[in-house]
Amino acid sequence: MIRFILFISCFFLIGMVIECKDGYLMEPNGCKRGCLTRPARYCPNECSRLKGKDGYCYLWLACYCYNMPESAPVWERATNRCGKGK
């Protein structure tokens, strides 16, 4: 029983340490990467190219990716610069 508790504790500890981020892919101009007119596999392929686990076209408007590395640029409301120039 103690081994089981230790195993579960280690499992949760590893899960807390290894965190990945989710988010919308971002264009160089700071806007979300659109997917309305793209092929069906566009978003999952782009997410994989950036080392994400998976992705999809959210409401046919923008690519959303799961488990992206911390270094991958994703759109964030707090740092939004879309349409604001450089």
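Note that the numbers count up from 1, one per residue, in the order the chain is shown.
Cβ from N, Cα, C; glycine included.
Per Swiss-Prot, the feature signal peptide maps to 1-20.
Taken from Swiss-Prot, the feature domain 'LCN-type CS-alpha/beta' covers 21-83, and the record attributes it to sequence analysis.
In sequence order, Trp75, Cys82, Gly83 are the residues of the chain that are 6 or more apart from Cys31 (disulfide bond) and have a CB within less than 8 Å of its CB. Annotation source Swiss-Prot lists disulfide bond at Cys31-Cys82 (among others), citing sequence analysis.
Annotation source Swiss-Prot lists disulfide bond at Cys35-Cys57 (among others). In the three-state DSSP scheme, Cys35 (disulfide bond) is classed as coil. Cβ-based neighbour count (10 Å, all protein chains) for Cys35 (disulfide bond) stands at 22.
Among the features that Swiss-Prot reports, disulfide bond is placed at Cys43-Cys63 (among others), with the record citing sequence analysis. Other Cβ atoms within 10 Å of the Cβ of Cys63 (disulfide bond), summed over all protein chains shown, number 26.
Summarising the environment of Cys65 (disulfide bond), the number of other Cβ atoms within 10 Å of its Cβ, over all protein chains shown, is 26. The disulfide bond feature in Swiss-Prot is assigned to Cys47-Cys65 (among others).
The lysine amide feature in Swiss-Prot is assigned to Lys84; the stated evidence is similarity to another entry. Proximity of Lys84 (lysine amide) to non-local residues of its own chain (separation of 6 or more, Cβ distance below 8 Å) is seen for Gly30, given in sequence order.
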So, three-state DSSP: helix, strand or coil for Cys65 (disulfide bond)?
strand
Given a 10 Å Cβ-Cβ cut-off, pick out the one of the disulfide-bonded residues Cys47, Cys57 that has the most other Cβ atoms nearby.
Cys47
Can you break down the domain 'LCN-type CS-alpha/beta' (21-83) into helix, strand and coil residue counts using DSSP?
11 helix, 22 strand, 30 coil
